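Contents: one structure, followed by commentary.
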Amino acid sequence: MDLAYIPASGFMSCGGGAPLREHPRDWLAWHFTHAGNLGRIASEKALLPASAVTPKVNVANPGVKQRRAQIVVRPDSEYPACYVNEHVPFYIAAKSPMLYVVNRGHADYSGGSDDLVLLGFVLGNLAVSGSLWCATDQNAATSTVGFSRKLDDLGHFVDFDLLCQRDWYNTPDDQNRMSRRAAEVLVKDRFDLRLVQVVIAKKASALEVAKVAFQDVGGVREYHVVPEMFY
C-alpha cells in the first residue's frame, strides 16, 4: 500500500497522499496493544472487545474501561442496543491522548511504548467486510460522545483539523479538545485479523513478535518500524 501520514498526530491514509477530509474511505484506524498479547490474539484470529476477554498484559486505564461499560452505543435506530465495551476500539489518529496516557503509565501499567504494537486497517475495507461498526466524534468513554455509521460523512463528523495536529490539550476556551482528538472507530463483537493491513511498532523487537504471531492467521499485511507513530 502507498501510505502517507502526518507525523504530528499519526493520522494516516492510503493512496499516496496525506488524509483528506473528503476521502475517509482512505483513512486508517488503529488499535494498540502490548506485544505480550499478540499470541492470544492470533489464536483467536481476531481482536475481541473488553467485555469478552481479559488481556495478558493490560495497558488500558481501569477508569476508562469502567466508563466504557456504561455508555450505550446508538448511532441509529437499526443499531442493536449495546455498550461501548462490546466493541473493539480503534483510534483514527494513532498518537491519541490515550496512547500518551498509556506511555506515561497508570495503576495497571508501568508505562512505556517500546513493547506496544499498532494494528491498522483501511476504513473503506471495513465498510465492505460485513462487520458491524460505527465511528465516534470523540473519546467513546465520554458522556457527550456522538456516533455515526455514515462513512462518507466522517470528514465532517469528526474534528478533522484537530486530528491532523500535534497538540490536543484542552484550553480555557475549549475544554473538549482532548476528547475530540480521540475520535474512534468501534467494531462490534470481534475484528477479524485478516482485515489488519498494517502493523507498526516503535522497536524492531516488538515488530518481530507480531510477525511471528500473525504468520498463520491469513490476510496480507505490511510491517513497519515507525518510532514517530508513538510517544
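Positions of Cβ are set from backbone N, Cα and C atoms, glycine also.
In three-state terms derived from DSSP, Arg68 (active site, proton acceptor) belongs to a helical segment. The Cβ neighbour count for Arg68 (active site, proton acceptor), using a 10 Å radius and every protein chain shown, is 23. Per TrEMBL, active site, proton acceptor is recorded for Arg68.
TrEMBL lists Glu184 with the feature active site. Its Cβ taken as reference, Glu184 (active site) is surrounded by 27 other Cβ atoms within 10 Å in the chains shown.
A strand conformation is recorded for Phe32 (NAD(+) binding site) in the three-state DSSP classification. What TrEMBL records for His31, Phe32, Thr33, Leu48, Arg68 is NAD(+) binding site.
Annotated domain 'DarT' per TrEMBL: 27-231, in sequence order.
Listed in sequence order, Ile41, Pro55, Val59, Leu116, Val117, Leu119 are the same-chain residues six or more apart from Thr33 (NAD(+) binding site) with CB atoms under 8 A from its CB. In this structure the residues listed as binding NAD(+) are His31, Phe32, Thr33, Leu48, Arg68; their two most distant Cα atoms lie 17 Å apart. As a whole-number mean, the pLDDT of the domain 'DarT' (27-231) in this prediction is 96.
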